[in-house]
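Beneath this line is the structure, given in structure tokens, with notes to follow.
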Amino acid sequence: MKFLWAALVVTLLAGCRADVEEEVKLGQEPDRWQAKQPWEQALGRFWEYLRWVQTLSNKVKEELLNSQVTEELKLLIEETMKEVKAYKEELEKQVGPIAQETQARLSKELQAAQARLESDMEDVRTRLAQYRSEAQAALGQNTDDLQGRLASHLRKLRKRLLRDAEDLQKRLAVYQAGTREAAERGVSAVHERLGPLMMEGPLQAIPPSQQLRERAEAWGQKVRGRLESVGSQARDRLDDMRDQMEELKAKVEEQASQVRLQAEAFQTRLKSWFEPLVQDMQRQWASLVEKVQSTLGISPSTKPSKTK
């Protein structure tokens with residue numbers, strides 16, 4: 001049984017670290033988190049969705065003005081936390097109770113790690129909402145600076161999220177190890193009591209690791225289906241938002257063209273107003289000059305004679 005539980009731990013944790021390190025490289029296409037626990041699959045889907053938003057062009061990033069993106073992230077956060085809780089409860093059912101003091105300590109540490117991870121995911125969603133507000137305030141202006149700050153914040157939040165996700169993995173492993181040791185101690189006591197009977201005939205039992213693995217796979221398929229549905233709906237909504245942004249851009253360009261034409265027409269009108277006035281002033285000035293010259297006895301065409 002100890003060997004089976006050791007194999008289970010290796011199966012649960014294998015590949016997790018490698019995939020976490022791959023996540024740091026934004027350009028790599030992530031796997032579908034099939035080798036992980038349901039809560040890790042949900043977390044992976046959360047970041048895959050966010051990464052997909054980051055890869056959009058600057059023009060399309062303005063789609064974040066719609067609050068639907070943050071609502072989809074909220075749904076993924078709730079799904080992740082739900083699967084973490086379900087996984088912890090499943091561990092408790094499979095391996096049985098442990099010492100009350102140990103269980104209280106491990107549960108407290110696990111809840112703290114879970115809260116940190118949830119806080120990191122909420123910070124990501126909050127930062128996107130803040131960007132949406134700032135972008136609305138700067139509508140029609142250059143948003144390169146806002147997008148740069150958003151990318152910088154998301155990189156920092158990503159590092160913190162991955163760090164706390166790894167910490168939660170370790171806490172779950174410790175919790176599982178503690179419950180497994182308690183179960184093994186109970187099995188050892190039963191083995192000592194039933195030793196003579198076991199000599200007469202071997203006991204047959206279904207390995208608990210098999211049941212846990214099957215349930216984990218079932219959860220994975222169920223959650224994967226939900227998240228794929230959510231992702232598909234989100235992409236459809238973003239496509240609609242992209243079309244709306246294109247329509248808005250066309251309207252803005254049309255209005256700008258109309259304003260430009262109106263300005264040109266107004267300029268022409270002003271010119272038609274003031275041109276006769278200027279011409280009239282020029283005529284009056286020429287007339288005044290002639291009168292002054294006439295009064296002084298100066299002919300406009302007469303040149304002063306040279307003194308011999």
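Glycine too: its Cβ is placed from the backbone N, Cα and C atoms.
Here is what Swiss-Prot records for this protein:
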type: REGION; residues: 75-246; note: region '8 X 22 AA approximate tandem repeats'
type: REPEAT; residues: 119-140; note: repeat '3'
type: REPEAT; residues: 141-162; note: repeat '4'
type: REGION; residues: 153-163; note: region 'LDL and other lipoprotein receptors binding'
type: REGION; residues: 205-281; note: region 'Lipid-binding and lipoprotein association'
type: REPEAT; residues: 207-224; note: repeat '7'
type: REGION; residues: 257-308; note: region 'Homooligomerization'
type: REGION; residues: 269-281; note: region 'Specificity for association with VLDL'
For the region 'Homooligomerization' (257-308), the mean pLDDT of the predicted model
77
Please spell out the DSSP helix, strand and coil residue counts for the repeat '4' (141-162).
19 helix, 0 strand, 3 coil
